[in-house]
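Enquirer: Sharing a structure, written as structure tokens. Questions coming.
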């Protein structure tokens, strides 16, 4: 038996959540027009599919897929309205703008899949070409053309309008642009219509309708049914070529890449930020496209110790906010250390080999294995080593020299240099010897053979 939660909220199903969000969108009057066009689109698609079946024309079927794509564009427009109504949540901290990017990507990919399906059916029809009935072929062409153009020009679809301008041009747009330059050279008044480049959706609708009109005339004149298959292939290739650049652009946005056209502007702004007062370094910068026309980014800024963090943060944000609307700036203060000289033993877990140079000393063995004079391991059968009177003592600690190159992180030492006299006087006291002698050797408890003679009297 589980615990009974009296005031626990009931979990909605997926259908219930979609219904709730649809009611939220339908409450806005701007969406009523889109819903009306969506209903008319469904009726038009139904009639076109019936006429495709009666005429047995695969070219009209390929053109009908453009009307289905118009339905996807209307759904994308509804999602765009829904995104504007929603506010960021703890789960979606950057908002819901990526949903419309995903809708554009899905619509264009589905249109390309439909084009591939038409290509596959057309390849089969080349082997056995059926008879085409032209009774409703021309009527279906003009109905689809009128509805497609009326939908594209009446509904302001912000996501697809932005993608059609930001994405690279298709091969159909490039060829039409070349033709338009030639026409505008003869008739300059048409430059406002054909240049700089036409709307890709309007262009593909007009080109598909023109292909169907040519198909109708050739079938009526010569009963050349294979032209229907050729027109279907042409419409499918135009659809694929038009939708592919948009799929690539929206896919790059989903992959959080930096737009190529803003890289130069971002480099200029980062150079300006690096020259601000108090800024030492700008690092770990990352900028990506959050949605259509929305750029997000994060950057780490290292500043001087005496710099004002809030002032630097305000200046950096003011410079980058002109281009990056969603910005995260993290401030780090400088943490450089001064080099110090230490003669006391330091724990191994504090020092790093990359920060210090340690002079290795020979490992010390047991006292019974050392010569009391030279502190060198002695062997019973070997004579004493040569020049043993200059050998250092056995209690000498390893000498640690600090690297003069500083690192941008602290090691927990006190800053400043130790007094020179204190460094030299540590461990210099030797019983029975003067201070000058201790200063002369620099080692403690080292038996010296040249300081006194064999009888214990000082030498001159």
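Glycine is no exception: its Cβ is also placed from the backbone N, Cα and C atoms.
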Enquirer: Of the ranges 225-244, 245-264, 265-284, which one does TrEMBL flag as transmembrane segment?
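Expert: The listed stretch tagged transmembrane segment in TrEMBL is 225-244.
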Enquirer: What range among 137-155, 156-174, 175-193 does TrEMBL describe as transmembrane segment?
Expert: 137-155
Enquirer: Between 326-347, 348-369, 370-391, 392-413, I'd like to know which one TrEMBL lists as region 'Disordered'.
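Expert: It is 370-391 that TrEMBL annotates as region 'Disordered'.
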Enquirer: Tell me which range among 201-219, 296-314 TrEMBL lists as transmembrane segment.
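Expert: That would be 201-219, the stretch labelled transmembrane segment in TrEMBL.
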Enquirer: Contact between the transmembrane segment (137-155) and the transmembrane segment (96-117) is defined here as three or more C-beta pairs under 8 Å separated by at least 6 residues; is that satisfied?
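Expert: Between the transmembrane segment (137-155) and the transmembrane segment (96-117), which are separate recorded stretches, there is no contact, as judged by 3 or more close Cβ pairs.
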